[in-house]
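Asks: The structure follows.
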Amino acid sequence: MDKSKALEAALSQIERSFGKGSIMKLGSNENVVEIETISTGSLGLDIALGVGGLPRGRIIEIYGPESSGKTTLALQTIAEAQKKGGICAFVDAEHALDPVYARKLGVDLQNLLISQPDTGEQALEITDTLVRSGRVDVLVVDSVAALTPRAEIEGEMGDTVPGLQARLMSQALRKLTASISKSNTMVIFINQIRMKIGVMFGSPETTTGGNALKFYASVRLDIRRIGAVKEREEVIGNQTRVKVVKNKMAPPFKQVEFDIMYGEGVSKTGELVDLGVKAGIVEKSGAWFSYNSQRLGQGRENAKTFLRDNPDLAREIELSLRQNAGLIADRFLQNGGPDPDDGDGDATAEM
């Protein structure tokens, strides 16, 4: 048996044992796994994920620095699920959910289940009960860092019990994984970044709650604020970069940039302009943007305004972009790539 046949036999054996998509070629454009997904509210991120959105029946981790857009991205995913008639829940361990902002992002508050638990154990027990019901489509836990173990709450200020939160997360995820898969519920954990002390080489960044979530998550998204969107001197939004650090559904390491506008969420028209230029669908000549010889405007903001005022043209460009998703995904892969800044260091459990 030659090498290629031996390799094919090994690959088919792996797929029979562990399921289709358990091994793939990194450069493959095919959506190797037929899986139900929910849009993130960002066309570029849906394309970068390779399967058209975040997968159902899986654990997702969204992490990044403060005010980078983690909760916004989770709420936009909830809004997209609700548009399809899905039932969503929000476990607000931080006790910081702003209902006015959530409504502006398109979340139907009347049909959103919300819990503000007192302890980490209570939060994860509520999560487990909702997942086991099999009736919840998207469940968000905000955030892992706020899942404080009962022993820590009942103890004295200054008491330290090493690895308590990491053990809590590890036990909960072992219990949750099978239920999540059976119920087809998407569980999104929002996480924060901490700095490891005394790191000489590599990134000092790590995420809270130990290493268990890194292993159990099918998709990990690293979201960062990279700049401000200004109108004259006033800041009206954030320029945001999201990197797909881990992806079990399609090739990872793709990277996408978009604007998050205050009180609006992800700027869909801004994405159409940026992705259109990247795919060659929207032409850029100097400062002018045009589509099929029709001028959209001088400057990016004017082009965004034109598309906002002409929804039919915006839909036409979006359709063209979806048809060119494979080409755009290749560009994302060229821009992305594993680097030491993905927050996925070999950290020990959070103390």
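The backbone N, Cα and C atoms fix where each Cβ goes, and this holds for glycine too.
Not my notes, these are from Swiss-Prot:
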BINDING   G64, P65, E66, S67, S68, G69, K70, T71  ATP binding site
COMPBIAS  339-351  compositional bias 'Acidic residues'
REGION    330-351  region 'Disordered'
Asks: When a 10 Å sphere is centred on the Cβ of S67 (ATP binding site), how many other Cβ atoms does it contain?
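Replies: So the Cβ neighbour count for S67 (ATP binding site) comes to 10.
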Asks: List every residue in the same chain as P65 (ATP binding site), at least 6 positions away in sequence, whose Cβ is under 8 Å from its Cβ.
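Replies: For P65 (ATP binding site), the qualifying residues are I193, R224, R225.
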Asks: Around the ATP site formed by G64, P65, E66, S67, S68, G69, K70, T71, which additional residues qualify by having Cβ within 8 Å of the site's Cβ center?
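Replies: These residues sit around the ATP site: I223, R225.
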Asks: With H, G and I counted as helix, E and B as strand and the rest as coil, say where DSSP puts K70 (ATP binding site).
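Replies: For K70 (ATP binding site) - judged by DSSP and reduced to three states - the answer is helix.
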Asks: Return one of helix, strand or coil for P65 (ATP binding site), based on DSSP.
Replies: coil
Asks: Give the sequence-ordered list of residues that share a chain with K70 (ATP binding site), lie 6 or more positions from it, and have CB atoms under 8 Å from its CB.
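Replies: Residues satisfying the criterion: I62, Y63, G64, D142, S143, I190, N191, I223.
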Asks: Can you count the other CB atoms that lie within 10 A of the CB of G64 (ATP binding site)?
Replies: 25
Asks: Can you tell which of E66, S68, G69, T71 has the least company, meaning the fewest other C-beta atoms within 10 angstroms of its C-beta, among these binding-site residues?
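Replies: Among the binding-site residues E66, S68, G69, T71, the lowest count of other Cβ atoms within 10 Å belongs to E66.
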